[in-house]
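Pulled from Swiss-Prot:
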DOMAIN    38-148  domain 'tRNA-binding'
DOMAIN    401-476  domain 'B5'
BINDING   D454, D460, E463, E464  Mg(2+) binding site
DOMAIN    710-803  domain 'FDX-ACB'
Amino acid sequence: MKFTLSWLKDHLETDATLDEIVEKLTDIGLEVESVDDRAAFRAFTIARVLTATRHPDADKLQVLSVDTGDGKPVQVVCGAPNARAGLVGVLGRPGDYVPGLDVTLSVGKIRGVESFGMMCSERELELSDEHNGIIDLAENAPVGTSFAAYMGLDDPIIEIGLTPNRADCTGIRGIARDLAAAGLGTLKNTLPDAVKGEGETPVKVILDQDAGNPFCTGFALRMVKGVKNGPSPKWMQQRLKAIGLRPINALVDITNYVTFDQGRPLHVFDAAKVKGNLTVRTARDGETILALDQREYKLNAGMYVIADENGPESIAGIMGGEHSGCDENTVDVLIESALWDPRMIASTGRELGIVTDARYRFERGVDPEMMVPGAEIATKLVLELCGGQPTVLDVVGYKPHTARVIDFPVTEVKRLTGLDVSYEDAFDILKRLGFGVEGDGKTIRATVPSWRGDVEGKADLVEEVMRIHGINRIDPQPLPSHGAVNGRILTTLQIRTRHARRMLASRGMMEAVTYSFISEAQAKAFGGGKPELKLANPIAADMSDMRPSLLPGLLAAAQRNADRGFDDIALFEVSGIYEGDTPDKQRRVAGGVRRGTAKVEGAGRFWAGNAAPVGVFDAKADALAALEAAGAPVDRIQIEAGGPEWLHPGRSGTLKLGPKVVLGTFGEFHPDTLEALDVSGALCGFEVYLDAIPEPKAKSARTKPALSLSLFQSLKRDYAFVVDAAVEAGNVVKAVSSADKKLIVGVQVFDIFTGASLGEGKKSIAVEVLLQPQDRTLTDEDLEALSKQIVASVAKQTGGVLRG
């Protein structure tokens, strides 16, 4: 919403400066977005060129003698091609700042001739891009006066951002009312007396609508006969131009002026072009109208028009038709002021794609009590600017506004905002805002004015009191302190998410953020595709289902990188997957994909040899690292061979905690999965379920336990066991670890061997065992006894024997 300072002062009696007004507007919730104060133009004066002679030392320059109105001509050197004797232009004197050149003028010599100023072009004053010559004003322009005042450029332009509820401030009078209520002046009474008309309006208005659900709740029409339409006066044109409107003619400009001045949209018809009476009705399917924007619109039965016997003459409340528009030949004019259903206006405007100042106001809700005064204001302006004889104002379908009454306990202000506002202050604020007020010292009975349709309850009145009293008057309060140690801020799941994300990034993986929507084929390939997880209105055909896994998006991202030359890439994501349409079916998952040779130790070729393609063990290591970082008890995790159907059955695994709790899956992808997703290359991946990790036991103290380190040196022992080929290495590791859980602190497989020397169906698994004594150095007898325990444990759990 734009307006000029002088326009605001038509409604507000105030001595406040521009800065004070701007600051107060923001304080009361009418946030100022920009201020265009063209103060730089005030120094430039209108001057007449008395003589123009050729420069003695430059063919393209002229030496001008310029009259500034004080009887003392000024010498100026000028190179403009249109400089001539008699031209009236704009003079900048030494000390004046030229915004288009970003220079301050001074006395100078040009080719040996002194110049005491500069005749300016429009581009040099940033009025337009025109720079082919200096400004050429009308011959009767007042020489010696301020150019800014002459052109109306000395009036600052203020632009505010309105929230949708403040329909009352779509008119400058509403803004002035708020400023007056905030103590920045007095609101002027600018409403004119009713215009006395003679005779009835010959064109009648018929409301063809459902009386129980009307879309037009009032229609005022008046004819002014014998008008003389032409350009609007300079002051009106300057104001309309300042707010971004193009002056057209006096009749049209008046309607635009009243729209911004009062927030009251109007329309004018050329009475000679209207055939018969005006009927407010629904449009008929297939009807068309050529609107004032020179575009033809196709209407349907869900839209509303003002029509005559020729057909639609106006799209109700949005835009008039070209056929009945007013021009310089208009003699008799019909002035229309009506009330329209905001929902109807919004729906029609969206469907036709029309955005107008009238639609902007009607769909937010205009003041119903301004329908008749708006027509009177427009009539008065028409009579002043165009002459003519008005008829009696014809009002159809209007019912007086019924005001809403709200009982408002003043204590609500303190309860909702923390502001201490006295009963008297709250009473006075609401009264200044135009509310009808009465009360008993505790509760105010407030009658909502017609222009505040957004005020519906006590909370709205609290807001009104708060913004006028001053939000900046809320006393600052320190945040509450609950002791030396702050309470926990993040939830367990948030902590797990953060730790898993950091761990995967530290393993050389790059974080990706993929869509939660995937295609139906992708969803079904990863165990999804349930009807309840299909989107009702997908943004694209290949984004129709909520994802059951992170892997489809990560695989697609890896393939896109490979298609662009980045074959070796490792990606991860920590986000949600969806197993159903209830909140408990949304799970927090950390997933990752490695492609090509993107291993933890590096990718591609290096000095020690070519890197091998990624495989199942890379995915396993990533999954276990993420789980450990998230706080899972990895020493108790069981690894079962095989995984979901989208993973390779012989190169995948499932991570479990006990027989029922699944913590994750990992492995290489099934060839059918890669084919279905149209991806290729060496690929492995994993998913771990962060929400499946059991909650840690509550600690008795917030401090970490004391670090206990052994004083004795650790030692390692190697063992090789011959087991059946079907025995997994992990089972051997668990058997060794269980032999003595206090002494054995680490077990690692370092060799697997198969050969004829072991016998058919046999293999050798070699492990390194790390021992850490706690209370004494181990003797040979201790080591021998431990070895027997390890061999016995492996034999019992796997059937393996110590290799000779």
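Cβ atoms are placed via backbone N, Cα and C, with glycine included.
Cβ atoms within 8 Å of the centroid of the Cβ atoms of D454, D460, E463, E464 (the Mg(2+) site) belong to the same-chain residues N165, R452, V455, A459, L461, V462, site residues excluded.
In terms of DSSP helix, strand and coil, the domain 'tRNA-binding' (38-148) has 7 helix, 44 strand, 60 coil.
If you draw a 10 Å sphere around the CB of D460 (Mg(2+) binding site), it holds 16 other CB atoms from the protein chains shown.
Sequence-distant contacts of E464 (Mg(2+) binding site), defined as residues of its own chain at least six apart whose C-beta falls under 8 angstroms from its C-beta, comprise I429, L430, L433, F435, V455. D454 (Mg(2+) binding site): 16 other CB atoms within 10 A of its CB, across all protein chains. The local packing around E463 (Mg(2+) binding site), expressed as other Cβ atoms within 10 Å of its Cβ over all shown chains, amounts to 17. For the domain 'FDX-ACB' (710-803), DSSP puts the residue distribution at 31 helix, 32 strand, 31 coil.
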